[in-house]
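Undergrad: Before anything else, here's the structure in question.
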Amino acid sequence: MNRYLLVLFGILQNTLAGGVIYGWTGIAGSILITPPSLGGAGLSPTVALQIFSIASSIGCVSQLFPLGILQDSFGPRICSVFSNLVVGLGCFVFVAYSNSDIEDSVDNDNGNDNDNDNDNNNNDGSVTSWPYFVGAILMGLGGPGVQMSVLHLGNLFPGRENLVMSCITNSITLSFGIFPFFSYIWSLNIQNGNGNNIGGGDENANTDAISNFHFAFLFRLLGILIWGMTLISLWIWPDVPFNSYDSIQMLALDETEDGPRGTVEAQAPVPSAVLSAESSLSSAGIEITDVVEEQHNPNTSPTQINSTDKHSKRLPVKELTFRQQLFSGKLFRLALFFTITSFWANFYVASLTVELKDERQFQYGNAKSDKTGNERDAFIYLIQVFSYIQVGGMFVSPLVGHLLDTIGWNWTSIITCLLGIGQLLLLFLINFLDSDGDIDTYLWKERIMILSFVVYCFFRSFLYPCFFSSVAVLFGFKNFGALSGIVVAVSGISFLVLAVPVSAFAIGTCHLLSIDSEESAYYGNGDNANELSPSCLSGRWKSLHTFQFASLALLIAMQLFYRRDDSEDLIEIRRSINNTNVKKGAHRQTSDLDNQEEFLESKYGSVRNTTAEII
């Protein structure tokens, strides 16, 4: 099959199932917290946050077991099929009891008083919340395997592996739009049934709308699509991950080039970071793999280097044992980077609705009038904008892949942290501005908030490709599932352990007013929003963002430190090598490769694997 079609199908599969759980914000502020009598799930914001925290953490752990083991032991085909089946099952379980609940709630609303109605809403999450927990956990559990099983497609594009893997990884951002799309379709149907808006209009029309359309239909449709694509996965995905040599056959099929193996592959671009290191050392007559060996051993002095006629060659990182790869310094730095940045990225998605309500910078339930005279709910508007902006992260993929292919993961990780800091600075600016009832200042704050969403989108879109592409390129796919799974599992466990105390530290009480106060009904006309009691607690979100700022700054300092340290070691090694070659009066030749196949292995194996160590 054409390699481009394989990549497109992998992106489509990753879009539908790989990260659907991370679009949680799109339904957390609408479907999930709307009472069953109005066609929603009737959960409280706190329960919705707990469900996402647990599901996303389980998803991180599942990348090691069972998905990582499936990928390494049985190959991409089995891993993909299993993962898609689990995600599809989660879609069905998520809405397993929603239809019966909605019918009971509508019947009770028609025959009972308001007190009974509040009981049936189940806002405490104690009666019917378990299907949502189980369904979300299944969707989170299977998602990482869908993405993991298609990352090897990057090997079909030698010299552009990072670009392709970045596009595949960031296609998960398209999943962020699935739940918001569900929320949009759901709200349109409910509103049409009401004839006005949710919570208003004719009660009988509202009942008819709920009975004729429910959000469960959308989840079941998604489950059917995912299971249908599972059948295609059985046919097209290989039992063994693709490697660079498979690209020769792919090129012959989709580009009709019949040249020798070396002729086709040598035309692929090599990262400039590798070329610069290779050219700077070529005059010293030594291969880059030799340099890394000497640099990696701190006990080797220049005198010892000069005393040997032949430098010991180091195995490429891809050929190291699993234990050596697991305890390498590069993997530790990747793990630390990913754990910290992914925690903040996921926590922001989980807590955004609560934070906006707590800080009351954009008062929910208060229909703001813009200069065109249009009225809209500020809170719902911002949540929808956030969800749709995240979908645009897919278009950042070429930039991330280009940076990884040219400047390496070290500098790309620094840029990632700078983007995270940039978003925090915008949030600080919003808190600094005081609209004090001025519509112009308020609109500026709203624009700055939307800009912060865009910067966050870049931050998240850089984060995941930077990690997964670096692991794949540096360590190969022999132990990719286990290595990436261990790191992601550590990240998930960290999120599961820290999310609750961190949220307890930051969360206030103002967000509860949308539920506990009749005047602040979520879908009210907004006139009563100004009457909310100012005695509620807005939380300590500013303090939390300050701590986040410090952690990202420390990551940047760590990367800069190792960047400088690597450069100093490389300069010293070059000096020692030059001294050795001057004494001998000759340079060792590096063009002793036997054939074009070995040239490919050296060019795209040993050299590319050492990119991160040199830069």
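Including glycine, each Cβ sits where the backbone N, Cα and C put it.
As annotated in TrEMBL:
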- 41-66: transmembrane segment (TRANSMEM)
- 105-124: region 'Disordered' (REGION)
- 105-118: compositional bias 'Acidic residues' (COMPBIAS)
- 130-151: transmembrane segment (TRANSMEM)
- 163-186: transmembrane segment (TRANSMEM)
- 217-237: transmembrane segment (TRANSMEM)
- 331-350: transmembrane segment (TRANSMEM)
- 378-400: transmembrane segment (TRANSMEM)
- 412-433: transmembrane segment (TRANSMEM)
- 453-475: transmembrane segment (TRANSMEM)
- 482-507: transmembrane segment (TRANSMEM)
Undergrad: Between the stretches 41-66, 163-186, 331-350, which one has more Cβ pairs under 8 Å with the transmembrane segment (130-151) than any other?
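TA: When the Cβ pairs under 8 Å are tallied, 41-66 comes out ahead.
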Undergrad: What parts of the chain pack near the transmembrane segment (41-66), using Cβ distances under 8 Å and only residues at least 6 beyond its ends?
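TA: Apart from its flanks, the transmembrane segment (41-66) reaches 21-22, 24, 28-29, 31-35, 82, 98, 101, 105, 120-125, 128-129, 132-133, 136-137, 139-145, 148, 215, 342, 346, 349-351, 353-354, 357, 481-482, 484-486, 488-489, 491-493, 495-496, 499-500, 503, 511, 514-515.
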Undergrad: Given the cut-off of 8 Å on Cβ pairs that are 6 or more apart in sequence, determine whether the transmembrane segment (482-507) and the transmembrane segment (378-400) share at least 3 such pairs.
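TA: Checked: the transmembrane segment (482-507) vs the transmembrane segment (378-400), no contact.
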Undergrad: Take a look at 163-186, 217-237, 378-400, 412-433 and tell me which one has the most Cβ pairs under 8 Å to the transmembrane segment (331-350).
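TA: The stretch I would name here is 412-433.
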Undergrad: Could you give the residue numbers and ranges of same-chain residues that sit at least 6 residues beyond the transmembrane segment (378-400) on either side and whose C-beta is under 8 angstroms from one of its C-beta atoms?
TA: 23, 25-26, 29-30, 162-163, 166-167, 169-171, 173-174, 176-177, 179-180, 183-184, 352-353, 356-357, 362-368, 412, 446, 449-450, 453-454, 457-458, 460-462, 465-466
